Amino acid sequence: MSSSRSDSSKPHYATSSLVIGYALCSSLLAVINKFAITYFNYPGLLTALQYLTSAVGVWLLGKLGFLRHDAFAWDTAKKFLPAALVFYLAIFTNTNLLRHANVDTFIVFRSLTPLLVAVADTLFRGQPRPSRLTFLSLLVILAGAVGYVANDSAFTLTAYSWALAYLVTITTEMVYIKHMVSTLELNTWGLVLYNNLLSLMIAPFFWFLTGEHAEVFTAVNANGGNVFEPVAFFAVALSCVFGFLISFFGFAARKAISATAFTVTGVVNKFLTVVINVVIWDKHATPFGLVCLLVTICGGVGYQQSVTVAKKPTNGPSNNADKGEDDESMELIPGKVATNV
């Protein structure tokens, strides 16, 4: 009896580990990317280097036998290409938002995505409508975001234009990539490889389209062929490492939990981001703005509690509960299609 209970708890521990790993990487990466873009002000090249690190890392570790990933095939790549394009646009707008605004502004607009993703999940993916408590929690997130924007002394049209572009692309990315993860039979490392390799192929088009290549070439010529200062090199290297880690934990967590729950996880862990951001430098919001940020985080916690209560069995262990656990464990097996999203 105890053995059976222990076995059934393994998927929950696995899911928790993946979500915690994603939360830590996500909370740190926002500050790391702001750090990198401050000393290496080339968002297109920065993201391309992150994609390159992740794609080469998966390929190299696969060759050495440390992991297993699906082989690259053009037929699969064609199916995954729209998802990679949406992902690239989300990261591109994210990096440009960090270029023109502080981390807190990024967090506020990131916090709006659970409400939009919940609506999109219901409209386009046939998911159940949020309960009243869940919807109330999402509205609390929205209220905190509105309060922040209304009192943002550092408001600029450029920054908020990128913020709105990021909001649209990240909402689309959350829902669409969840759909691709649920339909394409790729293991987690295969998803990481396809996503980063295809994004790397897309990067040069935007690099030249935005004219950033001219800025880079000018900087290289001005610095005698060297585009990296020591601090910039460290910041970019650190962002590439965390980009690789979040690629794995991000896809693994997407396979394990719903699109809205995944999105809210990214909001709640921003509390750590706020603390780090306030401690290390002065690129943060006013005290009232920080209070509004805390409101959005409280809304995220309320959401998480509401969905936890909704999923909790009311009549004790049953065959349906066991089936739910089996379905959840199935999502964590590489190559299996997620079922209970």
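For all residues, glycine too, the Cβ spot is worked out from N, Cα and C.
Not measured: the values here are computed from a predicted model.
TrEMBL lists 12-36 (among others) with the feature transmembrane segment.
Look at TrEMBL and you will find 24-303 tagged as domain 'Sugar phosphate transporter'.
Under the heading transmembrane segment, TrEMBL lists 48-68 (among others). If you look at the transmembrane segment (48-68), the same-chain residues 6 or more away from its ends with a CB under 8 A from one of its CBs are 91, 187, 189, 192-193, 196-197, 199-200, 203-204, 207, 236, 239-241, 243-244, 247, 334.
Counting same-chain residues at least six beyond the ends of the transmembrane segment (80-99), those with a Cβ under 8 angstroms from any Cβ of the stretch are 30, 33-34, 37, 41, 43-44, 46-47, 50, 105-106, 109, 159, 162-163, 165-166, 169-170, 172-173, 176-177, 180, 184, 186, 194-195, 198-199, 202-203, 206. According to TrEMBL, the transmembrane segment annotation covers 80-99 (among others).
The transmembrane segment annotation in TrEMBL covers 133-151 (among others).
Counting residues 6+ beyond its ends, the transmembrane segment (157-177) has Cβ neighbours under 8 Å at 82-83, 86-87, 89-90, 92-94, 96-97, 99-101, 105-106, 109-110, 112-113, 116-117, 120-121, 124-125, 149, 254, 259, 262-263 in the same chain. Feature annotation from TrEMBL assigns transmembrane segment to 157-177 (among others).
Look at TrEMBL and you will find 189-210 (among others) tagged as transmembrane segment.
Same-chain residues lying 6 or more positions outside the transmembrane segment (230-252) and placing a CB less than 8 Å from one of its CB atoms are 18, 21-22, 25-26, 28-29, 32-33, 35-36, 38-40, 46, 49-54, 57, 181, 188-189, 191-192, 195-196, 332. Residues annotated as transmembrane segment in TrEMBL: 230-252 (among others).
What TrEMBL records for 259-280 (among others) is transmembrane segment.
Per TrEMBL, the feature transmembrane segment maps to 286-303 (among others).
Under the heading region 'Disordered', TrEMBL lists 313-341.
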